[in-house]
Amino acid sequence: MDAIRKVYQYAEPNLSLVGWMGFIGFPIYYIVWEFMFPQPYENLPLRILCSVLFFGIIYRNRTPFEWRGFLPAYYQVVTTLCLPCFFFYMLLMNNWSNVWVMSFMSAIFLHILLVHITSVMFVQTFVGIGLATFFAWVAQGFHLELTMDWTHVPIFLFIYLFGNLFYFRNQVEHEAKVSIAKSFGAGIAHEMRNPLSGLLTSIDVIQSVLPNPKEGKKEQYTLSDEDVTLLREVSSDAMKIIHSGNETIDLLLTSIDENRVSRSTFKKHSAQSVVESAIESFSYKRSTDRFAISLDVRSEFDFLGSDTLLKYVMYNLFKNAFHHRSSEDFHIHVTMYSDEFANQIVVTDNGSGIAPEVLQSIFQDFYTTGKSGNYGLGLPFCKKVMRSFGGDIRCQSEVGEWSQFTMTFPTIGSSAVKEIKSELTKLKTILFVSEQNILVSKVTDIARFMRFELTVLDVPAVLKNKEYEFEFDLILIDMESLDASGSHIDKVESLLSFTEARIVYMFEHHPIQRARSVSFEPIWVETQAWLLNTRATIDRLLYDANYVVPSMPAKPLDSTNKRTIMVVDDNESLRKFTAMLLEKQGFEVIQTEDGLQAINALNENNVDLILMDIEMPVMDGVEASRQIRGSNKAYASVPIIAHTGDSSPITLDKIGSSGMSDFIVKPADKNRLFDKIANWI
């Protein structure tokens, strides 16, 4: 019965079309084969019966609720009677004429498409052919002469066997992808508990430091220097948790379609730093659990991969170890080794161990021991991660004594890492902004050798681009090609506020002192040094995670002349927090929930800038912007910055066509938000 239900659910999206095709097709083809191209035998009552059966499929959504449970079985009856049964019956009654041989072949193709489970389809075929033979025997006076052409039988068998074989293979692949997607979806939901738990703890700490108004309201409250320092540290940690959570979602979602881990964000990391961070940031159920983990670094090493993914591998191993602890004297020992051939991280615990029959299956997809709470991405995901790094993970265990997981990483100079970097480099995009021929020639030669995608633009061409057209992995800007006055630099920097690329300023004598604060901090590279070692420098800029510069503190916006900003967003929390952030900078803030409220508020208030969400109920941001721009009122020219979480080309086209002035992608840190606002008011 479960197979019958699955067949019906699979076909359901197309059933209305199938129903109309059968309802209209059966009587129409009676006219075709009876009058236009007469055949030896036709049967109008039988065709009307099939047409009525298909009408039941059209009418299925209007049937009484208590009858709908029988719809899957009804669908099987209809397909059996109206496809193999009807067409084989007509084939027999027409003495295997060519018209009905071709018609029966068409019915086979349609049958395979409508019934995707092979066993059900073959049962229907045998039942249908059996009924057709019986009815033909009865119709011919309990006598049936088989004048069949046996040369047609191999063709029918070929269609049935290979049609089902190919269709079954595609169906298995489709179901595997769906299962993987479900597994990753459930895993993401579970694994996000770690950063959410961290945020919850951060909020608890903040609330414990802040004065409680219920204990007595005051006009002013005083915080000690220690409390202020603690709040700063906690908020900084919370921002790191949010960044890590966003990166994790992005990394895991890219793995769903391909059943493998995406390598697009791989960089060189210190294994010791990542492991230490994983130990400190793991969500322990008990405070004493932290002391159960020890780290022994016998030799440090770097690896090419994702620090976030390695942390989640460590989280999984810790979680499984704690879940299978067997005594109060439980401990987890992490050891790091390194030699000239390979690097290893070994995680050993003295828990309940793993049985030999289970040990063979723990890295297989969708495997679970069945113990409550044993969910998440699990060990199969750990295997995928380690293989994406060019390494592997294996397990040894003794039941009741210990378990040991050994993660092996290739060395940075190994052929495996070089191959991964070579494949990744082909997918990298680099923008080079320069008007010096020697530099352009050099980077062009390197691009051919390293095989990355290179775009070379002069300054006027850069200034013609939109912000969203700077989606590169690396942007190299020759400062000597920009004018000395700084006007070009300001314009270029304003265009780069949206990009996630690593931005490099190349200088010949000394870095230029910049008075203007921007939302990014560039990396300064001496041009001569870059020319002497171009390939190594580009390789380091693309893959060295430690090649970073500290972020600059946010520069307060100039609010001497108090300006008014309208924040339009249906997300109450985001709207309120954005308003608080702007009010701290000295702005007047008006909050509205949708585009219609925003237009009504504009009729009553003078607004200098609108920060507008896109997806909102009642009236979305795009439509609201069109109405604002189309009005003949004073606010028609007010700057509108789209505040959206969707940066797809379709959304950006909508933003541009609506008359919005600019856009910023959620989540945006305050530096980027302030810099964007400063460009317009």
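Cβ coordinates are placed from backbone N, Cα and C, and glycine is handled just like the others.
Going by Swiss-Prot, these are the annotated features:
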- 17-37: transmembrane segment (TRANSMEM)
- 73-93: transmembrane segment (TRANSMEM)
- 112-132: transmembrane segment (TRANSMEM)
- 148-168: transmembrane segment (TRANSMEM)
- 187-413: domain 'Histidine kinase' (DOMAIN)
- HIS190: phosphohistidine (MOD_RES)
- 564-681: domain 'Response regulatory' (DOMAIN)
- ASP613: 4-aspartylphosphate (MOD_RES)
Same-chain residue ranges lying at least 6 outside the transmembrane segment (112-132) that approach it to Cβ under 8 Å: 3-4, 6-7, 10-11, 14, 18, 76, 79-81, 83-89, 91-92, 159-160, 163-164, 167-168, 171
Three-class DSSP secondary structure - the residue listed as '4-aspartylphosphate': strand
Tally of DSSP helical, extended and coil residues in the domain 'Response regulatory' (564-681): 54 helix, 24 strand, 40 coil
Protein Cβ atoms within 10 Å of the residue listed as '4-aspartylphosphate', excluding its own: 25
Segment-level pLDDT (mean, integer) for the domain 'Histidine kinase' (187-413): 81
